[in-house]
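*Asks:* This is the feature table in TrEMBL:
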type	residues	note
DOMAIN	2-82	domain 'Manganese/iron superoxide dismutase N-terminal'
BINDING	His27, His74, Asp157, His161	Mn(2+) binding site
DOMAIN	90-189	domain 'Manganese/iron superoxide dismutase C-terminal'
Amino acid sequence: MSFELPALPYDRHSLEPHLSATTLDAHYSGHHLACLKRLNARLENTGQTAGSLELLLWSEDEELAWLAAEAWNHTFYWHCLSPWGSATPDARLGADIDTTFGSLSALHDAIEAAALNHFGSGWLWLVRRSRGPLEIIITGDGQTALAADRTPLLGIDLWEHAWYLDYQNDRAAYLKAIRSLINWDFVTQNDLNPISIAPPAQ
Ligand SMILES: [Fe+2]
């Protein structure tokens with residue numbers, strides 16, 4: 001079995017004018033697909049079975065684990081954006097955001113500040129740690145926030161390929177643009193039904 005490019009949950013033009021179809025084409029059909037092709041080639045070359053992306057995160061083969069993380073991150077990211085999603089989280093998560101960050105607007109400001117403070121490529125995440133507090137974290141390069149002790153609720157791609165065609169070197173403009181694209185229904189569901197990963201049985 002090899003991994004296939006999962007379908008985008010919306011049309012490539014649907015995120016305009018915030019993110020162009022040109023950007024989605026390059027990002028989804030370019031970078032995401034290339035990552036999966038490289039992952040499949042690595043699996044074939046090493047004679048390993050695919051299983052799931054989540055299981056491959058535990059691989060001792062660093063390249064396999066890195067490629068699985070980057071592939072997982074991208075699928076998660078596409079679902080974090082939506083032209084149709086709710087503009088706010090549900091009441092329970094919203095109250096938690098208010099307690100932790102002050103308000104939804106303050107959370108957006110904190111996300112932008114953290115993302116702008118990060119030098120280089122990576123991912124920004126809103127996570128819930130061990131069913132406890134909410135937290136904003138950054139993972140470098142292709143690393144994922146998915147881990148045994150935390151659940152990612154929201155993931156934002158900070159690689160330049162996510163916005164360069166639309167905003168050139170202006171990461172702040174990209175972050176402001178996707179404020180209105182965040183799919184709070186998906187974020188809320190990630191909090192209600194946490195994604196959990198466990199190491200493979202020995
Ligand atoms: Fe990306």
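Using the three backbone atoms N, Cα and C, a Cβ is placed for every residue, glycine included.
TrEMBL annotations: computationally assigned, not manually curated.
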*Asks:* From the DSSP assignment alone, can you count helix, strand and coil residues within the domain 'Manganese/iron superoxide dismutase N-terminal' (2-82)?
*Replies:* 49 helix, 1 strand, 31 coil
*Asks:* Cβ-Cβ under 8 Å from Asp157 (Mn(2+) binding site), same chain, 6 or more residues apart: which ones?
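*Replies:* Set apart from Asp157 (Mn(2+) binding site) by at least 6 residues yet with Cβ under 8 Å, we have His27, Asn73, His74, Tyr77, Trp123.
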*Asks:* Enter the number of other CB atoms within 10 angstroms of the CB of His27 (Mn(2+) binding site).
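*Replies:* So the Cβ neighbour count for His27 (Mn(2+) binding site) comes to 23.
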*Asks:* What residues, ordered by sequence, lie under 8 A Cβ-to-Cβ from His161 (Mn(2+) binding site) and sit at least six positions away in the same chain?
*Replies:* Ala26, His27, Gly30, His31
*Asks:* May I have the DSSP-based helix, strand and coil counts for the residues of the domain 'Manganese/iron superoxide dismutase C-terminal' (90-189)?
*Replies:* 49 helix, 25 strand, 26 coil
*Asks:* Would you list the other residues of this chain near Mn(2+) - those whose C-beta lies within 8 angstroms of the C-beta centroid of His27, His74, Asp157, His161 - in sequence order?
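*Replies:* Here the nearby residues are Tyr28, His31, His32, Tyr77, Trp159, Ala162.
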